[in-house]
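For reference, TrEMBL has these:
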DOMAIN    A:6-289  domain 'UvrD-like helicase ATP-binding'
BINDING   A:Ala27, A:Gly28, A:Ala29, A:Gly30, A:Thr31, A:Gly32, A:Lys33, A:Thr34  ATP binding site
DOMAIN    A:290-561  domain 'UvrD-like helicase C-terminal'
Amino acid sequence: MSDYLDRLNPEQRDAVQSLDGPLLVLAGAGTGKTRVLTTRFAHILLSGRASPHQVLAVTFTNKAAREMRERVGAILGHPAEGLWLGTFHALCARMLRRHASELGLTSSFTILDTDDQLRLLKQVMEAHRIDAKRWPAPGLMGAIQRWKDRGLTPDRITPAEDTEFGGGAARAIYADYQARLITLNACDFGDLLLHVTELLRTRPEILDGYHRLFRYILVDEYQDTNVVQYLWLRLLAQRADAPANICCVGDDDQSIYSWRGAEVENILRFEADFPGAKVVRLERNYRSTAPILAAAAGLIAHNDARLGKTLRPGRNDASGEKLTVAALWDSDEEARFVGERIENLRRDDHRLSEIAILVRAGFQTRAFEERLITLNIPYRVIGGLRFYERAEIRDALAYLRCVVQPADDLAFERIVNVPRRGVGDAALASLHAHARARSIPLISAAAEMIDSGGVKGRVRDNLRALITLFAECRDDLDRGVLGHVAVVERLLDESGYTAMWKADKSPDAPGRLDNLSELTRAIAEFETLAGFLEHVSLVMDNDESAGDDKVNLMTLHGAKGLEFDSVFLPGWEEGLFPSQRSLDEGGNKALEEERRLAYVGITRARRRAILSHAANRRIYANWQSSIPSRFLEEIPSEHVEQTGSAAFAREQVRNAPPVFGSPFGLTARRPKTIEAWEQPARPARSSAIAVGARVFHQKFGYGTVTSAEDGRLDVTFEKAGSKRVMDNYVEMV
DNA sequence: CGAACATCCCTTTTT
DNA sequence: GGGATGTTCG
């Protein structure tokens, strides 16, 4: 009956069978982490220790949750039903809907996307008369999110944790923002965790209910938890009546999300947090060849803040290619090099889908895309704009929200003038004023102003048609006259939204229409519109049909958890990787995180890893020179094969007499800031256009320059009068 | 109100 | 170099 246990190695089996008390499983890359987690889950159920709904299983991604659900089902022999299995956010949303009224929400609250969050925050900031120029809203949004990541409600922010933002107004804005969310019956992402945690810590009877419910807690990717997630877990796990039955699986060496609030300390501190905790290390790697593992291990050994763990080959083959490190002249050559190697792999019958190019930052993909296009090699970029983030999809969803949630002001604002209905800033402002005065949602305010004559003419007719359409669609749904898919189609057609894109002559309009029909298809898979909207806000999935045979292009962050036969790791240069920006902000801690990122990159490879760096790189408009990443030297050289046109030059540098009096030559002493990442110094341009010159401007016509300074010209135009213009907008005549 | 122009920025982004 | 976002004029 327990043949599923036979398929584990001794450490894995230990992790699965240690069922009493807290357990930390330190699972290195490729050591069977998911297998342990799913088998443990199934083992708890099959051994009769708990029934499915008594286990709380938390992941970070929907993909991981889906995978776990499937694999548990496979071991059980039937689909697993009634599980508390999902992402932190999905589980919290579920809990929050149960207790919504405690917080002044209804159980049908909306979960806002980032667009809406920002728009709402801007409104609040405006009310506080904050100069949007001086204090850009995204900055404060970030601060609020960090507060939420750390479990800080507005009243919990101590002066030490406050920010300079807005000249000290940040806390008050945060508080108002939270209040507005409640009025709108809405939550942002951070709220899901924040609200539930707050509830658990202030309402013992609610917490007690969950203590009685959950006998086991399983947590995936524990190294990526932030403070509020940690608090949530600890509240649920620590109980008076019994030891905490929590099992966390993670890898401190793969913690790469500190900038999102993740705290490696959570995993480093586990044994202190949960006394009597048992720690199991999984170190046998079944994924990669010996050289790849040795290279990764050598690299990560340079980090200090580690729990310590060494990857060992699980298979007994010492074979395997060395890593390739290619030194190239410039970034164009690097793209050509990678393209050429991929062509070779393809010629040798390697599947393209088993090849990945992993970059540090999104903008690096472009060069490779261009190269792959010219070589006619199919590729996919993973991670870019996701389906539900596209403008047309967000618009369509806003239409739906207006129907399902008439109080959703943010949704209404988004689409009230899309397509154009003549409702501009002025009209919207008067709607707002009326809504605020009467304390009613915008849609109701609009209805009242139509009746009262507060809006007139074309705007009135358009608004009336729109609001009537919403009401009718709502009615169709309530009375079941039309199925929800038919309602969606009606809504998008009669509002003129579909027509807007049909009339659009831009090249991407057809694609957008395709996306809209794709959306309708997705809606059809759900029972109700509300259910669909919940899915959308929580499951921003990127279901790139992974089946096609295409080269995978993505960031290192996006590659976590994936594996490929061949992995290209370009751009290993100081300033780019490790990223200068990170280093400036986070010092040595940040450097260690960059190194973990490098470790994640190398350990994605099953059979071969091809690293590269360029001596000259095109950044924005101009060329900058760069030096190889320090990480390259941290990889034990016996596992590396050097190649590339610039390899010889690099050897010369290495063997050259010491520079700066250092015994290690150039490599030991690095300038603190790398030229490539300094602000591109804008040379005080001695403009070729001098005072008195006669010039032509596209818009203003002919004129004479009266003063010229740093590229800015004062010009007296013959027709348009005196203007200040940039010199690159005029031509000399 | 909306198009055209000008300016500003440019890491990573599991939900 | 380029996309997103404001500003300005018709």
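Quick reminder: no glycine exception, Cβ is built from N, Cα and C everywhere.
Unlike curated records, TrEMBL annotations are generated automatically.
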- Message: At a 10 Å cut-off from the C-beta of A:Gly28 (ATP binding site), count the other C-beta atoms across all protein chains.
- Response: 27
- Query: Which number gives the other C-beta atoms within 10 angstroms of the C-beta of A:Ala27 (ATP binding site), all protein chains shown included?
  - Reply: 28
- Item | Residue among the binding-site residues A:Thr31, A:Thr34 whose Cβ has the most other Cβ atoms within 10 Å | A:Thr31
- All-chain count of other Cβ atoms within 10 Å of A:Ala29 (ATP binding site): 24
- Message: Sequence gap of 6 or more, Cβ distance under 8 Å: name the residues on the same chain that satisfy this around A:Gly30 (ATP binding site), in order along the sequence.
- Response: A:Asn285, A:Tyr286, A:Arg287, A:Ser288, A:Leu311, A:Glu563, A:Thr603
- Around the ATP site (A:Ala27, A:Gly28, A:Ala29, A:Gly30, A:Thr31, A:Gly32, A:Lys33, A:Thr34), what further same-chain residues have their C-beta within 8 angstroms of the site's C-beta centre? A:Val36, A:Asp251, A:Leu282, A:Asn285
- Note on the structure: Ordered by sequence, the long-range same-chain Cβ contacts of A:Lys33 (ATP binding site) under 8 Å (at least 6 apart) are A:Val25, A:Ala27, A:Asp220, A:Val249, A:Asp251, A:Leu282
